[in-house]
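One structure below.
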Amino acid sequence: MNAHVQPQPVPGSGIARGDVLLQVDNVSLSFGGVKAITNISFDIRKGEIRAIIGPNGAGKTSMLNVINGFYHPQEGTITWRGEKRRKMKPYEAASQGIARTFQNVALFRGMTTLDNIMTGRGLKMKKSFFWQCLHWGPALTEEIEHRRRVEEIIDFLEIQAIRKTPVGRLPYGLQKRVELARALAMEPDLLLLDEPMAGMNLEEKEDMSRFILDVNQQFGTTIALIEHDMGVVMDLSDRVVVLDYGRKIADGPPEEVQANQDVIDAYLGVPHG
Amino acid sequence: MLYREAGQFKTTYAADQAIFPIAQDKWVVIAFAAIAFIAVPFLVNDYWTNAVFLPLLIYGLAALGLNILVGYCGQISLGTGGFMAVGAFASYKLMTSFPELNIVFVVLLSGGITALVGVMFGLPSLRIKGFYLAVATLAAQFFLIWLFNKVGWFYNYSATGQISAPDRAIFGLTVTGPTALPWVKYLFCLGFLAFFALVAKNVVRGRIGRNWMAIRDMDIAAELIGVRPLQTKLSAFAFSSFYVGMAGSLLFAVYLGAVEVTEAFSINVSFLVLFMVIIGGLGSILGSFLGATFLVLMPIMLKNAMVDGMGLLPVFAKHVEIMLMGLLIIFFLIVEPHGLARLWQITKEKLRLWPFPY
Ligand SMILES: Nc1ncnc2c1ncn2[C@@H]1O[C@H](COP(=O)(O)OP(=O)(O)OP(=O)(O)O)[C@@H](O)[C@H]1O
Ligand SMILES: [Mg+2]
């Protein structure tokens, strides 16, 4: 696989920074005749920003879908926090600490920014249906406690002004930011970002890059990032895995990957769009 | 500048999350409730109770229930009539089998039984969506009506197949049966509606309500942030059916007194309640009431204007009513899916800017 010496993963939750958080081994995924992913292995270490790049249709999104349990690979295994993962539903992956954003914004369009982000807190809210009916006592205390956390995220991402706006009315760039906020509200251990900057102008990209770095550094969140803009990838990521036609063609630090001839042939050298 | 939030700064999240964050809204609701609870009972007579208030309150409750399912959770249902029938027959069986049981508990238990039935018919919603779910709930409607019509146990093998409500009282005041006074019936139904409207409002602004809306807006994304689809949809079916069941119970026991299942709970009732929700506003508690009020009052006003006012034939007025209803449905579905509630909200936003509309 790759040339790095990997520290042994610690089972359970006590995974130190730099240890393997998620390991993908020999995963293959196909839809009928279409092979989306072929025999891919790589790992994501705690605390890093791991970029996944590759030309259109390379299988990047499919890879994220495998990681958060939306697709089930025909072959291969996934090891999460040192434990081999059984086939699971997306909401189970979510409850184990995996959050994501989507290539095409997937917000709850009829709800306000605040409600979208509050929905991300759902797994952490435990008060029973009975208290919910009263919206009082423990339920109200819980609601306010989580509102406070959500407001911290709102401040962090600088979206105070659109708190009460239905997200359907927001411009695209802000929608992407709200989607990041909703994922952050889950306080995930692993955050999967599928082209968080697609369709943004330069300024918006710079903002988003800063947010991603801040999330990684301030909260220590491990991030897997799909991105087409090579400048962004070089700036942000600690390690890069490159896919092409569903296969892994390179894996390593950004500079090393950038210099790799296979990668240049497959992706960097070829202008597309 | 009567309607403004200027100067009303929220200093706590609790205040910002209050049920009516704008003071004027709160006072309007309180005034409205005071009139409904204190003044109206002195004014109602038989005609007003039976023609206007009871249908309005009972259909309001049904519309509220259906709106939870359709408007908040995005699961379509054409089985409302059938579920109301479950509530009605549950009440009948409870009242005749346990004569000592208080009428309040009869209504609540009928809601509970309907909730169980609703969950059963909600099970397919995990697999099927939209049109197919509508057809499945339509099947539920026909099945339930057939069941209550065919199986004698449900109507205690009465010769006519009709069920009729025995007298029941609360605090010594008769609520059901022919001797019940109009204002008692009115207050009884109003109490249920007011209490459960408050409960619904509370639920939709908390975790469970947000999960319902998340499933409605984007079920895949909802699942990926940890919302369990089956549990969430079934909870909406249960909650919604509970309300619809109570409405069916009140319709039978308090309002009509005696019903024949194929007449009182036919598919027309399913559509009527659905139209209330659409015209009132999908995903709005207030909208459920606006829709119910509108569709209860419209036929009465049309009849008053056309038959009594202009001397036209009642049949003609009925036809106009049906056409008008159709037009309104088309209008709201195409132009304003959030219904009267949204129109009201727009008016409020304008009022907030008034007199400087920019
Ligand atoms: N649900 C699906 N059904 C059938 N084929 C699919 C499905 N999802 C993905 N594919 C196929 O798998 C391949 C990889 O798709 P994927 O979306 O993972 O690519 P990607 O690397 O994310 O591309 P892009 O940069 O365009 O987002 C494509 O050929 C695609 O058509
Ligand atoms: Mg993709």
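First residue shown is number 1, and so on along the chain.
Glycine too: its Cβ is placed from the backbone N, Cα and C atoms.
Model, not experiment: these values are computed from the prediction.
Residues annotated as transmembrane segment in TrEMBL: B:27-44 (among others).
Per TrEMBL, the feature transmembrane segment maps to B:50-69 (among others).
Annotation source TrEMBL lists transmembrane segment at B:101-123 (among others). Outside the transmembrane segment (B:101-123) by six or more residues, the chain places 75, 79, 83, 86-88, 90-91, 94-95, 136-137, 140, 144, 168-170, 175-176, 188, 192, 233-234, 236-246, 248-250, 253 with a CB less than 8 A from a CB of the stretch.
According to TrEMBL, the transmembrane segment annotation covers B:130-148 (among others).
Taken from TrEMBL, the feature transmembrane segment applies to B:183-204 (among others).
The transmembrane segment annotation in TrEMBL covers B:236-259 (among others).
Residues or ranges marked as transmembrane segment in TrEMBL: B:271-300 (among others).
TrEMBL lists B:312-335 (among others) with the feature transmembrane segment. Below 8 angstroms of C-beta separation, residues 275, 278-279, 295, 298-299, 302-303, 306 of the same chain, each at least six residues beyond the ends of the transmembrane segment (B:312-335), sit close to that stretch.
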Requested in this report: Would you mind listing the long-range same-chain contacts of the transmembrane segment (B:130-148), meaning Cβ under 8 Å and 6+ residues beyond its ends?
Outcome: 75-83, 85-86, 89, 117, 121, 124, 154-155, 261-262, 265-267, 270
Query raised in the report: Looking at the stretches B:27-44, B:183-204, B:236-259, B:271-300, which one shares the most CB pairs under 8 Å with the transmembrane segment (B:50-69)?
Result: B:271-300
